[in-house]
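A quick write-up on the structure given underneath.
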Amino acid sequence: MRLCDRDIEIWLDEGRLDIAPRPPIERINGATVDVRLGNQFRVFRGHTAAYIDLSGPKDEVTAALDRVMSDEIQLVEGEAFFLHPGELALAVTLESVTLPDDLVGWLDGRSSLARLGLMVHVTAHRIDPGWQGRIVLEFYNSGKLPLALRPGMLIGALSFEPLSGPAARPYNRREDAKYRNQQGAVASRIDKD
């Protein structure tokens with residue numbers, strides 16, 4: 001059963017759930033907390049690689065990822081990031097989220113943005129128990145027009161679901177946690193699998 005707005009407020013007040021900066025009451029709705037777009041992005045740069053063999057030798061996968069992913073792009077206040085039709089880009093939420101070991105989170109995009117063709121997460125919308133950091137957004141523009149995305153705009157909503165008990169292997173205590181405490185638009189670390 002997912003937390004309702006009253007329970008989200010209680011969990012925030014008690015420090016069991018942390019969202020920084022803490023959202024105002026107007027952004028806690030029914031069963032979700034609205035999150036905003038941060039100012040860090042990462043895109044695929046122009047490349048000549050025919051493909052990336054995701055099951056190939058780790059050093060080859062790492063080299064291929066280094067060739068195709070851009071450095072992190074950091075926007076200054078007032079700037080827009082333009083996501084063109086058919087493009088994939090990574091970004092982060094403005095808010096940093098810390099989940100306890102007995103709570104899982106879910107990220108959903110906004111319906112109003114989806115109706116313009118913007119996918120906020122391509123597949124990864126679960127936020128594991130024990131997570132700490134900013135949430136990476138996997139943007140895809142399936143629409144017909146470029147979309148101007150500005151830091152601070154409402155971009156999605158988080159919901160939270162208590163588990164039957166604390167996780168034995170919460171995310172931030174796992175040795176194989178590839179995105180532990182991420183603060184920026186971290187590129188794929190598939191080569192660390």
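Keep in mind that glycine also has a Cβ here, set from the backbone N, Cα and C atoms.
Values in this document were obtained by computation on a predicted structure and should not be read as measured data.
Glu138 (active site, proton donor/acceptor) carries a strand DSSP state (E or B). Taking the Cβ of Glu138 (active site, proton donor/acceptor) as reference, residues of its chain lying under 8 Å away and at least six apart in sequence are, in sequence order, Leu88, Leu90, Met119, Val120, His121, Val122, Thr123, Ala124. Per Swiss-Prot, the feature active site, proton donor/acceptor maps to Glu138; the stated evidence is sequence analysis.
The dCTP binding site feature in Swiss-Prot is assigned to Arg110, Ser111, Ser112, Leu113, Ala114, Arg115, Asp128, Val136, Leu137, Glu138, Tyr171, Lys178, Gln182.
Annotation source Swiss-Prot lists region 'Disordered' at 169-193.
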Secondary structure at Asp128 (dCTP binding site), reduced by DSSP to three states: coil
Surrounding CB atoms that lie within 10 Å of the CB of Ala114 (dCTP binding site), all protein chains: 14
DSSP state at Arg110 (dCTP binding site), helix/strand/coil: coil
Cβ neighbours of Ser112 (dCTP binding site) where a neighbour is any other Cβ within 10 Å: 9
Among Arg110, Asp128, Leu137, the most crowded of the binding-site residues [Cβ within 10 Å]: Leu137
